[in-house]
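All remarks here apply to the structure that follows.
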Amino acid sequence: ILGEGHLHCWISTTFHQSTILSGLLYRGFTLFLTFLFYTSYHLSRKPISIVKSELHKNCSTLIRPPNLNGTDNETWCDWAPFDQDNYQTLFGAVDNSFLVAYAIGMFFSGIFGERVPLRYYLTTGMLLSGLFTCLFGLGFYWNIHSIWYYAFVQAMNGLVQTTGWPAVVACVGNWFGKGKRGFIMGVWNSHTSVGNILGSLIAGVFVSSAWGMSFIVPGIIIASTGILCFFFLVEKPEDVGCSPPQHHGPEKGMFLFLLSLCDIILQGVMEFSLCLLFAKLVSYTFLYWLPLYISNVAHFDPKEAGDMSTLFDVGGIVGGVVAGLVSDQTGGRASTCCVMLIVAAPMLFLYNHIGQHSLGTTIGMLLVCGALVNGPYALITTAVSADLGTHESLRGNSRALSTVTAIIDGTGSIGAALGPLLAGLISPTGWNNVFFMLITADILACLVSV
């Protein structure tokens, strides 16, 4: 009998250990897959910022082919309709076609994400995003010069890209508890910067020879990751017999869920949403306009400007990890964001005034600014969203995380749309005014987070 007891104990212990090991493997695999998925989302957004300086450049410094028709020596090398004096306004219109559609769609994306299996939702979004990204690049080969074509394609891409963020955050939140969430999600959220870096480098390879491929290759990549998602993503631990993390519990009724959700919105969602609005205004202005700024001010060619701009995203990776680690140790998400935002304001001022004095200064300032600007942005969109979405009052309701994430990121996306729009309108008056706008937004982000 004693032997049987030992045997049962051994079997039980072995089964428990194998279940834990299986859960760890699935958690790691889910973290890797969702990292890959959202890397591809950002990778496909980045080419437009690299290609801008190719669509409109200083033709007077180039040798004009002798067989080229036309007489305008200043714009012969530009791509119509971006060959006119209002090219910056047109660039702003293309950017905002994507960003306004993204901001509007984000408020509805969480609702759809609650009701559709995440695997199907992400797969459909990535396949469609690949299609519209490729369509933008095909404008080069089809010789399309209509601003309405590029604006429409970007708007459609903005809508389908809203499938990404609420779904991947909800998926990660399903697998991970709250203990080291800031650090884990700080590392995981580097997918944003990694995607921007890869998107810049890939676009830079083709930008001077055939800029259409700067979009087509990223479009193929995100469509391919959509296929991987369909075959390999596991949405919840329960789907493979693993134990859910600690924040899961009995499901609440719809009425109690709505009451709890309203309480959470009043407790923290609104202040972090407004903070993210201003933080994303700054971050997305850099995302869409930094290569053009470097090209205009430092006089780099499009590829060199694109490569140099990746340093901002390298700094963003470090900033996101540090913000998550510090907030885990101190328990203060808001205070961590506030301190980084306070320091970011003078750094932006210094970058604009001394950032182009030497190569070393440029590299150092881009790394520091990237860390300070993207650190709070990364913390709010990941750990803070997950904390609020798995709050005790919402315990066990799988809809909450996707909804809270969509509310926060949807509000932030309004800022993401405003930043590039304002940059397009203000930049003709001088880059100093653009940086004044960014510093003001940074200070406002700090004030609303206090």
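Each Cβ is built from the backbone N, Cα and C atoms, and glycine gets one as well.
Look at TrEMBL and you will find 23-450 tagged as domain 'Major facilitator superfamily (MFS) profile'.
According to TrEMBL, the transmembrane segment annotation covers 24-43 (among others). Sequence-distant contacts of the transmembrane segment (24-43) (same chain, at least 6 residues past either end, Cβ-Cβ under 8 Å): 122, 126, 129, 161, 164-165, 168, 171-172, 175-176, 184, 188, 190-192, 194-196, 198-199, 202, 218, 221-222, 225, 228-229, 232-234, 237, 240, 242.
Sequence-distant contacts of the transmembrane segment (89-108) (same chain, at least 6 residues past either end, Cβ-Cβ under 8 Å): 45, 48, 52, 55-56, 81-82, 147, 150-152, 154-159, 161-162, 165-166, 284, 288, 292, 406-407, 409-410, 413-414, 416-417, 420-421, 423-425. Per TrEMBL, the feature transmembrane segment maps to 89-108 (among others).
Annotation comment: TrEMBL describes 120-142 (among others) as transmembrane segment.
Feature annotation from TrEMBL assigns transmembrane segment to 148-176 (among others).
Among the features that TrEMBL reports, transmembrane segment is placed at 188-207 (among others).
What TrEMBL records for 213-234 (among others) is transmembrane segment. If you look at the transmembrane segment (213-234), the same-chain residues 6 or more away from its ends with a CB under 8 A from one of its CBs are 26, 29-30, 33-34, 36-37, 40-41, 43-44, 46-48, 50-51, 118-120, 122-127, 129-134, 136-138, 171, 199, 202-207, 240.
Residues or ranges marked as transmembrane segment by TrEMBL: 255-288 (among others).
The transmembrane segment annotation in TrEMBL covers 308-327 (among others).
Per TrEMBL, transmembrane segment is recorded for 334-351 (among others).
Among the features that TrEMBL reports, transmembrane segment is placed at 363-388 (among others).
Annotated transmembrane segment per TrEMBL: 400-423 (among others), in sequence order.
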